[in-house]
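Novice: Sharing a structure below in structure tokens format, with a few things to ask.
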Amino acid sequence: MPEAPSAKTTPPARGGAFAPGAHREALEFIEHVTANAGKVQRRVLAEILSQNAPAEYLCRYGVSGSADAVDAFLRLVPLVTYEALQPDILRIANGDTSPILSGKPISEFLTSSGTSGGERKHQPTIADELDRRSLLYSLQMPVMSQSVAGLDKGKAMYLLFVKAESRTPGGLVARPVLTSYYRSRQFLERAHDPYTEYTSPNEAILCVDSYQSMYAQLLCGLVHRADVLRVGAVFASGFLRAIRFLEKHWPRLCRDVRTGALDPEITDRGVRDAVGRVLRADPALADEIEAECGRASWEGIIRRLWPRTKYIDVIVTGAMSQYIPTLEFYGGGLPLACTMYASSECYFGLNLNPMCKPSDVAYTLIPTMCYFEFLPLHSSNNGKAEPSHRDLVGLVDVKLGHDYELVVTTYSGLYRYRVGDVLRVAGFKNEAPMFEFIRRRNVALSIDSDKTDETELHAAVSGAVQHLAPFGASLVEYTSYADAATIPGHYVLFWELRVGGTAVPASVFEDCCLSVEEALNSVYRQCRACDKSIGPLEIRVVSEGTFDKLMDYAISGGASINQYKAPRCVRPGPVVDLLDARVQGKYFSPKCPKWTPGNKQWNAAGREVLSNNGGTPAV
């Protein structure tokens, strides 16, 4: 089989080697592994089991030492969730260096935006995974260049950020997967590549102060205004935060361009030096920026500020799809490119038609990344019996139009691990299926990297309504939605109440808002209190009988009156319009919920808990 492009030694950050031959090799690689997906997958599983043969986990199930490890694995190894692995993860975090999950040393923990019991998941990984991630990045630009010409003739304004790191009791670093990548030699020592020339200097990307990082990256993007061919961030929500930041701070940024002097509030020495290498006094450029930013409307501001831009590169699938109208407003008709599918557990695949409409995005899973299996959705939903590994189907055996939950076996030592993503087969690239991302399993609300499920939301609401009891009021029914119309977006709860004889003061409803926020997971609270990527939670009190009207609406659309139950989460559209039309009062959380960036301890369940004695900020 052909080798992947030369990503293993000096992989570019978000694209492939620039030589035309390298682009051709990349496309041939994709063609080969998708045409032989079944054989490649069998080889990948054999490689994983051989590499991890010493792992205690595989020994438990009789896989290690078996004459046919692949056959033994397929027969014996069960489906697992993160909770089942927590005892093993805790041992690794506490410093046990024996081969528990992996035959290779664990190099660090990757913190997931998903939560377990209200705290971030921590996925152990090995050093080799950085090369696999780099490989997938190296395939992006060869694919994109088939649709968009001339991307080597300018720069990319990608807004990339890191978060602070922590360490486990055993000394291993714990950090988000993108922070790990941006701090790696694969990113920092990448070869020069005209297809991946960034406006943001590394020093600005690696600055953990989000204000200084954002300010410096936007300033450099404005300085290189005439050269920018594409703009983007990882998630749509993050890119819109940058636009909101620009709306607020453009006069200061404009002043820096005019005078050639960086704002004194940017105190990070590395950032100042890096920006100083490109910032020069340019009154004419400052006038151009001021003319565009000073207009009454910011519609089309991306295209107006960076007129050579060909597309906006952001993830707009899943929960991020709620931001598409706002992106279209600021983009002024620019295409939205959604290029890659990845998670903390593993990087998965690419959108081979990256300039398609957001509604048509489908990811082709690259068969060399890990061993893929799929749990038919009827086996993973709320059925009576727990799903079994016997229900799984392989990568080449999925059926067009069917929904599945993704299950992976990785080189790092996850075996038949339920990722939690629900995918729909939208087509095939040779033997390899193309999947539409449908949703996260059990996730009700999400604005940024937060993921709140119905159980967690219900517990938070149940606690908050206790504030109403002294006034004789109680909760009749509720639902929620993620409001992305504001920047940043925020959670909205619709409450219908049964009131007593005493009016409930506005301050009590505000206390209810804060109580809900305090009860949500640490990822949500970090987004609210530290990252400022989520706005204050809002409660909208609706009039009596509103949820009866909601049921009438559902029944008129074909729902069964015998099976109807009020949804705990709704999407923007007619249902939200119906609820909003009956709102009697709106109340917001008066302050940020508590989130302590303290030292992290590991509890007996294998999760982090926060202490209050200062130290390393949480990731």
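All residue numbers here begin at 1 and follow the chain in the order shown.
Every residue gets a Cβ built from N, Cα and C, even glycine.
Pasting the feature list from TrEMBL:
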- 363-440: domain 'GH3 middle' (DOMAIN)
- 456-571: domain 'GH3 C-terminal' (DOMAIN)
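Mind running through what each feature is packed against?
Specialist: Averaged across the domain 'GH3 C-terminal' (456-571), pLDDT in this predicted model comes to 87.
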Novice: What counts of helix, strand and coil residues does DSSP assign across the domain 'GH3 C-terminal' (456-571)?
Specialist: 51 helix, 24 strand, 41 coil
Novice: By DSSP, what is the split of the domain 'GH3 middle' (363-440) into helix, strand and coil residues?
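Specialist: DSSP classes over the domain 'GH3 middle' (363-440) add up to 10 helix, 40 strand, 28 coil.
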